Amino acid sequence: MTDKIIELKNVTFRYDENQEKPTLNNISFHVKHGEWLSIIGHNGSGKSTTVRLIDGLLEAESGQILIEGHKLSEDNVWDIRHKISMVFQNPDNQFVGATVEDDIAFGLENKGIPLKEMRERVVEALNLVDMSDFKTREPARLSGGQKQRVAIAGAVAMRPSIIILDEATSMLDPEGRLELIGTIQKIREQYGMTVISITHDLDEVTLSDRVLVMKNGQIESSSSPRELFSRGDELLDLGLDIPFTSTIIKALRQIGFTFDNRYLLEKELEDKLWALISKK
């Protein structure tokens with residue numbers, strides 16, 4: 001069995017056959033089982049198009065997409081979709097149930113899950129995202145963060161191999177974003193799911209195993225978060241903010257402190273500062 005759960009080989013895509021420049025131009029990359037891959041890049045770089053191709057919502061002009069070793073095609077697209085759950089930027093567009101628990105059960109009913117198992121999955125999913133107390137609420141009456149947690153609960157209840165988050169945290173306040181990212185991390189650890197996250201959020205990127213940078217429909221780079229953050233001011237051109245520790249290090253350099261070019265986590269920066277101060 002291959003360790004690649006997703007693989008794209010020389011994939012090209014156009015929304016319109018008369019489109020001179022393809023939206024995606026001969027891209028190739030893979031995602032490993034259980035990996036958290038963040039995809040970043042400016043609007044129009046091809047991020048959302050890529051994940052919609054993986055889920056079979058769009059069809060590639062050329063190239064191959066393999067999910068768990070199976071080439072995605074018209075014949076198996078529905079089977080492939082059962083392995084993947086997507087959570088979008090605006091959860092209101094995904095709600096169909098009158099209550100939170102009804103909404104989570106909807107996808108399970110369509111899948112033909114027996115009633116007893118369905119109830120167990122709904123309870124488990126709500127507990128996992130800390131929304132059990134809201135099970136009889138109308139989704140429309142929830143806060144933005146609560147809605148996204150319900151959307152994630154619905155995705156998890158389907159027991160997919162892969163969860164795709166298409167800017168799922170972008171409309172939340174900082175506290176709601178951190179809570180949701182923590183929930184995703186907990187789900188990943190508990191179920192060993194593969195996570196693909198389209199994001200501009202530094203906390204999300206930091207938690208990922210690998211970061212794919214997309215630019216003009218192509219793969220600009222693939223690296224660890226630490227390697228990416230070491231690129232300094234280039235991050236602004238990639239649609240990311242400068243990490244807090246990088247800003248502090250830049251200011252300290254200006255007053256005479258010496259640092260190498262390696263990106264430091266907050267704890268590492270704290271230890272480095274204590275070491276420098278103790279030498280004074």
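Backbone N, Cα and C define each Cβ position, glycine as well.
Annotation source Swiss-Prot lists ATP binding site at Gly41, His42, Asn43, Gly44, Ser45, Gly46, Lys47, Ser48. Annotation source Swiss-Prot lists domain 'ABC transporter' at 6-241, citing sequence analysis.
Structure with Swiss-Prot features highlighted.
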residue : record           : Cβ neighbours (10 Å)
Gly41   : ATP binding site : 23
His42   : ATP binding site : 14
Asn43   : ATP binding site : 8
Gly44   : ATP binding site : 13
Ser45   : ATP binding site : 23
Gly46   : ATP binding site : 23
Lys47   : ATP binding site : 22
Ser48   : ATP binding site : 20
*Chain-mates of Gly41, His42, Asn43, Gly44, Ser45, Gly46, Lys47, Ser48 with C-beta within 8 Å of site centroid, ATP*: Thr49, Met214
*Report the mean pLDDT of the predicted model across the domain 'ABC transporter' (6-241), rounded to a whole number.*
90
*Could you say whether, by DSSP, His42 (ATP binding site) belongs to a helix, a strand or a coil region?*
coil
*What three-state class does DSSP give Ser48 (ATP binding site)?*
helix
